[in-house]
């Protein structure tokens, strides 16, 4: 375990720093014969990238993916898919102010402690830019499993919550607004809130909900590699994530068994689905749904104290980029990681 | 990934069904030369086992661990530690009523679908009895890392929440009451609530909080094997867990960056610790704390509809065992899994 | 990687010292629904165990396997199969003479150096007794893949070589003599040679050849986990193995391409099979065959210098057990490891 | 296990087809703070590449490595090192003759069977060009372990064997001749032999010997991940390898225990070293040495029958590239894989 791979049979390994030459990765284990829709991959990339709207950072990242192997005549060959995403914005001087400074609630300090020094440019490896590679791998995983529908959306921005159950939402509206909230009224309020936060030079957290449909019964490997345990790990590995719950989640902990149990229909489906589509760590064929909590981005445009590497506390003001609410951009990343987890289990559990 | 191993260098593999001959496991990678305190292991086992008090199930499980290898003259040898926990209660007829029936919100149905048939006695492999092996492995992990302090406790039972921050709690009181809540007033209310649930033949969920202290800076392997991602996976792999959050958790998603950022002291510690002791997936030396949500146990003493394997809905009433609130017994399991995760990272990150 | 597991989806983990309470292991990932032939497992165990004939050690090891989980009503359940093999001969005083002494060409010295101390009784973990657990796992793997035929046999004992190509041998005669050489004339000469070695109080090495038939096309995962690379690793992990070659092997290195290339028949089979059933690391449907070299057992009944843990050279004479030629007993171990490797690839490569 | 990664803590994942856009890989787990000698990496690359001399293929492969991440200000950062090696020679028409044809003893047939189709250009993923990525990873591993000396050399070409023990060879002469045989007389004869083979349009196999010095005691993880088992797997994963032996190897199987045992000196070193520096799977501090057998390259300039994908046998003549003896070029690849194995164990076994 060196930390930069996920998966067993659908195995994704990524590399790349925020301001290095390029990001990229290797998808090992993708089955052969999949006719790739490269436009669909680009769509996912554009959903993740900064600068999509007024409420997200305006930094330009033309995330053009170059595939280097594992694809021949438009189809996957079964051999590893290597890809790179060149970084076009490598100006080191943008980040000279953090060279010797540890920004609060960033990974600067721990990287220096762990590795002795760090690529200080823009967060280096700990930058969320790293997730671009995940989106590529997830986009291909989605194409490997076209029958499975994965829809993530923003269900909270700061104190504003969308309480509507997912069953009553129209997922086709997720992309209709910059917040990626399928409920237009809530979306408008959230957007207004984010604009206000932006003016303050501040940031705010939020929650991404995700629904996975048409999953076959049987995915998951108890007792340690339960389906929801892997989903949880995958989500928690995304930058800024602080919590994961599936099915009834934390609110389920307040319930009684008589309320929480999902009674069966004769066909094996259940009348309710507080289980969240997973029982005993194995998919039961019902919708899988979960929620992922994101903290506010640490880089704010206000002045805050930072620590320099000589032990001095010095005030620092965020420069350049400002992403008041990263949560809308996290939507495709959540979907990507879900797709990767499912692809891996799909390969593992269709065996024999 | 066949599902029943956890860890890379401190690697725990378990086996065993609820009513088979024995449970057990192999701890591979435990360093040599640790003088084992067998009594301490038994204490952990007794904390997990049923029948400890009036508020938990009265089923007797004399969880006597037999160590079969990897220990010589009282010390670990560095070779794999094999152990078994014989099942003394193997009467199959206790469970004849569930042979052909799928209990709601149990894993009966998915096991039958996934594997074609199942050991139906008492939940088989999906029984929480499996966690006994984890407690053994965790107890040894704790002894490997005596400098690290791990304290878990019950912070919610159903709707009753202990809101006191962990810093104000006296962990030495955790074992002073059957609920394992260190705040005695809250403990009394929780206990009363559980007694009431018990009378109803119902069950209730809850939350276990966990605090880990004295962790060195540098544990964790970004970008996928972040320390909190592994902690999350480990917790989510415990039976009945529905959610995991660390540091500010879900409530952090409601905050602004200006509120959430942990400002530094000159020595690298932070004034606040909403990060929960982990930044960028790497321990920063501050206390690690997290919360784990447990759903109510599915087996209730009330009559509920179940599904038989011919597609008929038939009423079923829980028999024999009744564990109205499993959460107090989950406390040592949460600690065990935390210890296993830390032991693994400790070995991985002390390299070179 | 803590060292005591093999495999990814058919994953075998073992534990146990030569003179501890028991050996054992966990087979994780065995598919469900296999009706186990326990007698066949015992047959494999009896092939491995000492004391089968006058030419092998007379130490008695009644290797009775106790299965503790993963089997219900005679069939595998898909959950981990835990098993133990109790050690009935645990008298520590047998080995007092090696407590502080490092026997030449044994692992005593490196274990003490690596782990600080060791279970010195009978070799501890480094004893070949450990392979008993592998034979259990291999016997079950064989039953999982009844269509695949695995036949190993002794092709060399010391300087005596059986040169006959495997195609001309009658595998049904392997078990007809204590040497496990299917050519009766060679077997007689080998047996005579071993008897002579025995009288000298010496030991001798040899070679086990193995032929695997009816393997489907497509097993193996280039570029690192090639089928022959995994077979090689599995064989080299067996005690006393010094070399592995498959197909043309070392002699192939002396050949020209024009001689070595296997020309095709129209059906995709090949006229010759110097490739040994594997091309580019993937099975091609032809017979897989390989050879495994075993060094002579280090324990001899002659007096040799040993090193004590204070740095003194002291003469030592082997006591008790004498296994003049371990190679016949290695035959079932080679088959077991081959079966484990195939079972793992079978599960991995039948995916999607 | 998707096949294209090697290692646990020093983990190398590669991608790339012979005539795709680029080869490359990710080295995950390389410790931070290593000042890379890029020239040394280029030297290793140039040792592997074709066209070095008249006796190897004249195809030009300007293997310029581009490092994309994990290096900052000339030093490794501890984050994954991504790199690519662009393919400058991608003309597909060179290989039109093998599009529908399976060359004998190539992987064409099994790739088509396993994956349904293949990138037929120049062997695609099964081309030895893939090993370029291994050489990069090995060159960095060597720099991580400067104290360990790894020297490989050609000890056999076809029927011509260098019998001199490695202790009597001058490793500084390995690079003094195109055969990479440190004995100049043998080198001259081998070179003459290869020239003759070249004239015949044929190819020939050979053996690479490797000696590793200054390895600390204690590397290796019994019982499955023994040091020599991992070395064996790593070597067998190299294209065209048919056999591996270490220490006494196959010839050790002919010996008696009284001859084979390595007697100790008072300091723990041994008088002889038939063990090959490894006992019980753990390095004992003595020189590690092993031999790797390579078959002759399958592509010959003579006419041979091939199979087309419609089941017709058709004559085919090799075109363009001709590598009469690949063994000299295999020397740096053997060293690279040895370095990778050692780097991995070094990180694993220096723990706690």
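The backbone N, Cα and C atoms fix where each Cβ goes, and this holds for glycine too.
Taken residue by residue with DSSP, residue C:48 (NADP(+) binding site) is part of a helix. Per TrEMBL, NADP(+) binding site is recorded for C:48.
Long-range Cβ neighbours of residue C:297 (FMN binding site) (same chain, at least 6 residues apart, Cβ-Cβ under 8 Å): C:203, C:240, C:323, C:324, C:325, C:326. Under the heading FMN binding site, TrEMBL lists C:125, C:126, C:127, C:239, C:240, C:280, C:295, C:296, C:297, C:298, C:299, C:321.
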Here the 10 Å Cβ neighbour count for residue C:125 (FMN binding site) comes out at 30
If we take the residues C:125, C:126, C:127, C:239, C:240, C:280, C:295, C:296, C:297, C:298, C:299, C:321 that the record assigns to FMN, their largest CA-CA distance in Å comes out at 44
Simplified DSSP label at residue C:125 (FMN binding site) comes out helix
Checking the binding-site residues C:127, C:299 for other Cβ atoms within 10 Å of each Cβ, the smallest tally belongs to C:127
By a 10 Å Cβ neighbour count, the lowest-scoring of the binding-site residues C:48, C:295 is C:48
Applying a CB distance under 8 A toward chain A to the binding-site residues C:127, C:240, C:295 yields none
For the binding-site residues C:48, C:125, C:127, C:240, C:297, C:299, proximity to chain B (Cβ under 8 Å) holds for C:125
Filtering the binding-site residues C:125, C:240, C:297 for a C-beta under 8 angstroms from chain D leaves C:125, C:297
If you measure between the CA atoms of residue C:295 (FMN binding site) and residue C:48 (NADP(+) binding site) and round to the nearest Å, you get 17
Using a 10 Å radius on the Cβ of residue C:240 (FMN binding site), the other Cβ atoms enclosed count 22
Mapped onto three states, the DSSP assignment of residue C:295 (FMN binding site) reads coil
Rounded Cα distance, in Å, between residue C:48 (NADP(+) binding site) and residue C:127 (FMN binding site) is 14
